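Q: Handing you a structure now.
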Amino acid sequence: MTYFPEEVVEHIVDFLGSHRDRNAVSTVCKAWYQVERLSRRNVFVGNCYAIRPERVMARFPWMKSLSVKGKPHFADFNLVPYDWGGFAQPWIEAAARGCPCLEELRLKRMVVTDDDLELLARSFPNFKSLVLVSCEGFSTDGLAAIATYCRGLRELDLQENEVEDHGCQWLSCFPDSCTSLVSLNFACLKGEINANALERLVARCPDLRSLKLNRAISVESLNRILARAPHLVDLGTGSMTVNHHTEAYHRLINTFLRCKSLRSLSGFWDASSCCLQAVYPVCVNLAALNLSYAPAIQGDDLIKLICLCFRLQKLWVLDCIGDKGLAAVASSCKDLQELRVFPSDIYGAGTTAVTEEGLVAISSGCPKLNSLLYFCYQMTNTALVTVAKNCPHFTRFRLCILDPGKPDPVTNQPLDEGFGAIVRSCKNLRRLSLSGLLTDKVFLYIGMHAEHLEMLSIAFAGDSDKGMVYVLNGCKNLRKLEIRDCPFGDDALLKDVTKYETMRSLWMSSCDVTLRGCRALAAKMPSLNVEIINESDEADEFQENLSDLHKVEKLYVYRTVAGGRTDAPDFVWIL
Amino acid sequence: MEDVKGSDGLGDTELRLGLPGTSTATRSAKRALPEGDEESHDELRRTSAAKAQVVGWPPIRSYRKNSFPGRKVEAEAAAGLYVKVSMDGAPYLRKIDLGVYKGYKELREGLDNMFKCFSLELSRREGGSGSEYAITYEDKDGDLMLVGDVPWEMFISSCKRLRIMKGSEARGLNSRH
């Protein structure tokens, strides 16, 4: 095949979608490397510090879509200090210089400034889609720049970002000539919105299919918007506070009656049960429903709503649904694939409405279930074994027992056997989060059976270094390992240092690794960045007094071809 | 590694006039098995406080936590809004949990009870004439304010410490209004 002309190779390579396949192709020979790099349109960078942006742009000059991730996952839970890094600026600048054809940019857990957004808006004439997930550092002024300068923008999707509110004018910055919007999501914005400008924008974008409003949008406004956009497929409602005796409520019912294309619903910020009836007409077609921001919707009203959605594939709810509610879901929603149950009262008294019973009910009623995130206060081994038997198709299994280190309440045993059953049964498991009382044994099971595991999250678990070593030895496809508050130390860290080159990253916080161990790792593996984050006040004495045996607060290790980074703040040490 | 289910530490700072050896219900460090549903409200609150203090646990995005503003106030209530209370002339300070009071009336009654061993009368009106003491507090900005002006919820979220002061000094505060 190496003797085929370039055009033919290119044509063949075009059929390869996945990054991994394309990466493999590029290593065959120089000719194939060239063909592949010039024909690559989608580039994914899982760790912004693994490679310098200029190098990416130089290798893929015709790139159309770029996706970059910044901070480690535990940054979501405030474990990574605010100014640790993950800046979008060098990426946008390099792309502006090297890849003018860029059409799509997706950033996750990065720091994006208004200046960055303005540069982005002005630099790419064909820019079509901006997706920001869990980012921070920008305000509505940056959005105004995007709206103003991105002609032909199709998608602006802001998911769970921290955005500073500098007023509602940004929405009015979309020119009258902007008619190309397909997807607009500003649900995370905290401020007011110019409802008139929004209604006019929606009215002139006939291709709009996904619209997610923020809390500031009233029901009256929602009515007018939906009247202009009856072809919406995906809707995030605004505040949804409506008294069901008002005219607004009656109009709402009629509006939803006309939305025959709706397949996905979210929002319901301040919704109460009385507004739910308005939504009944669309339930039968819903594939996805997110009620996890609606604590006021509870009990029978909640159950009644969900049970109408018999085609549901994805459901996100609060735990006030209860075991009884989950049983009802299990008997109605036979096509369910993804379930997330969030805690509604995390500072509460320790009694939630969902237990292992709800999970077992779901597993027996919904055999197609493949993705789970479940917060509860207790779990039993028996339940997990049953779930494993009922649902062998899990690819993502995340269980969070809210009480750290809590054993099986019936037997007082650790949950090793339960999780062991999960990894044995679910041969395609790619992502796993553990919780509850766990010994080294669970890690032995994971190392032995979780062949396709790519991401593992561990907290308050294990007895000794052996636990971590089982995982590192056994899980051949492991890409991300994140550990907090476990008794794993230097011996485990240094057992097989070359393993980390096969992974994207390792995070360890509040464990037993010491400065000596980290230094040893850094010395042995120059291809890794070994970062130590020390925020305590002793940081000043760090230089002088710290013995090698000082335990490291937070350790972040990742493979890189970019060398040590130059933008790290004072409290981050790169060994 | 921290013992995350251990005491919340706040109870240790609470001064009591009780005899040594007497205390509220002891908190167990680890509860392996829940012993039925007999846990006292106090016990649950303290455990909640311990939980609330483990950084990054439970693993929920801040975005989601902050989406329920009402819940945040509950969180503070669960953790205890302890503030120091000093009284001019008294040899030692006390500490109270503002979260246990429903309003100004209960607060005044509580303080009255607490400091009655010093045979003092607390003012029941703002800077009340004819009575000896007024209740003031230090707010978030460090300013000395008279208790009772703002709505209760606002007060408990901004009060950093309380000071029971002599009426003669308190009259100076009145002139601020």
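Sequential numbering from 1, following the chain as shown.
Heads up, the Cβ atoms here are built off N, Cα and C, so glycines get one too.
All annotation found in TrEMBL is predicted automatically rather than curated by experts.
What TrEMBL records for this protein is below:
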type	residues	note
DOMAIN	A:3-42	domain 'COI1 F-box'
DOMAIN	A:63-107	domain 'Transport inhibitor response 1'
Q: What else in the chain is close to the domain 'COI1 F-box' (A:3-42), if you only count residues 6 or more beyond its ends and a Cβ gap under 8 Å?
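A: Answer is 59-65, 67.
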Q: Give the residue counts of the domain 'COI1 F-box' (A:3-42) per reduced DSSP state, in the order helix, strand, coil.
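A: Secondary-structure breakdown of the domain 'COI1 F-box' (A:3-42): 27 helix, 1 strand, 12 coil.
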Q: Determine the mean pLDDT over the domain 'COI1 F-box' (A:3-42), rounding to the nearest whole number.
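A: Residues in the domain 'COI1 F-box' (A:3-42) carry a mean pLDDT of 86 in this prediction.
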Q: Taking DSSP states H, G and I as helix and E and B as strand, how many residues of the domain 'Transport inhibitor response 1' (A:63-107) are helix, strand and coil?
A: 15 helix, 10 strand, 20 coil
